[in-house]
Amino acid sequence: MDSKYQCVKLNDSHFMPVLGFGTYAPPEVPKSKALEATKLAIEAGFRHIDSAHLYNNEEQVGLAIRSKIADGSVKREDIFYTSKLWCNSHRPELVRPALERSLKNLQLDYVDLYLVHFPVSVKPGEEVIPKDENGKILFDTVDLCATWEAMEKCKDAGLAKSIGVSNFNRRQLEMILNKPGLKYKPVCNQVECHPYFNQRKLLDFCKSKDIVLVAYSALGSHREEKWVDPNSPVLLEDPVLCALAKKHKQTPALIALRYQLQRGVVVLAKSYNEQRIRQNMQVFDFQLTSEDMKTIDGLNRNMRYLTLDIFAGPPNYPFSDEY
């Protein structure tokens, strides 16, 4: 099988490429970079592109996809595109308009996957993180089961081929799975996952329910100071990963990506650097031994880079549970 198109079958029978290109960049990075990087990624062989309303780059990412379709490089059906519903649009009547807005920005007719980005709801409006005059976040109270029903309607309407969630814990997944009248299970749960935070328990739970775990921050994280502790260890400088990279004549990033593929995790690789974008496609060109895998398992320290603790407080904050 052509390595570039290795896919996993989702519980709704659609197929998702196991290696995805992450498009998030900190706000100071010019949006034009998202356009260039996404084009480079498609040229390098990436077929799974991950973005979100929150990233404020869907116009550029959509333009990149459409330009690679226009020049004959790919067809629309070759591309697996993911967008995400932000927390200010959890109210059921706001779900479809939010997706339609993403589609308008993208200039696409449908997304392949639409995710509930984060389980905490904030007040509706233009602001992605609405705050009161004292700088406190304005939370909203929304039943996520009602949000999910609106997501199901988006799938029925053909606006999203598949629907899933992101940053949900086991309890929140079970709440959806046990919902009376559930029409479609989430196809995936996209969460932070890397050798320092390997999500073993959540992965086992997801596998038992035929839900794919998709890894973000698989290479550590963007280390944006607003979100990430600058003193946290740099994953790709880990001596064990560096030693394995040397052994396999690969980069530490490729070791971290390959680790996920071999445990049945779909992995997102985020880079705006042309050389590294091309390099990350080499994840299909080598294999880790079971000893290597055990060694990497041993690096786990249950360390999250993205605690998103500005959202802590409401009962739906997902990271207080063990998993």
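Note that Cβ sites are derived from N, Cα and C of the backbone, with glycine treated the same way.
Here is what Swiss-Prot says about this protein:
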{"type": "BINDING", "residues": "20-24, Asp50, 166-167, Gln190, 216-222, 270-280", "note": "NADP(+) binding site"}
{"type": "BINDING", "residues": "Tyr24, His117, His222, Trp227", "note": "substrate binding site"}
{"type": "SITE", "residues": "Leu54", "note": "site 'Important for substrate specificity'"}
{"type": "ACT_SITE", "residues": "Tyr55", "note": "active site, proton donor"}
{"type": "SITE", "residues": "Lys84", "note": "site 'Lowers pKa of active site Tyr'"}
| field | Listed binding-site residues His117, Leu219, His222, Trp227, Lys270, Glu274, filtered to Cα within 10 Å of Lys84 (site 'Lowers pKa of active site Tyr') | value | His117
| Spatial neighbour of Tyr55 (active site, proton donor) that is closest, considering only the binding-site residues Gly20, His117, Leu219, Glu274 and their CA atoms | His117
| note | Among the binding-site residues listed as Gly20, His222, Lys270, within 10 angstroms of Leu54 (site 'Important for substrate specificity') by C-alpha we get none
| Shortest C-alpha distance to His117 (substrate binding site) - which of the binding-site residues Gly20, Tyr24, Leu219, Lys270, Glu274 | Tyr24
| said: I need the least crowded one of these recorded positions (Lys84, His117, His222, Lys270), counting other C-beta atoms within 10 angstroms of each C-beta. | reply: His222
| request: Could you measure between Lys270 (NADP(+) binding site) and Trp227 (substrate binding site) for me? Cα positions, answer in whole angstrom. | output: 17
| message | What are the sequence-distant neighbours of Arg278 (NADP(+) binding site), meaning same chain, six or more residues apart, C-beta distance under 8 angstroms? | response | Leu40, Ala44
| Out of these recorded positions, Tyr24, Tyr55, Trp227, which one has the fewest other C-beta atoms within 10 Å of its own C-beta? | Trp227
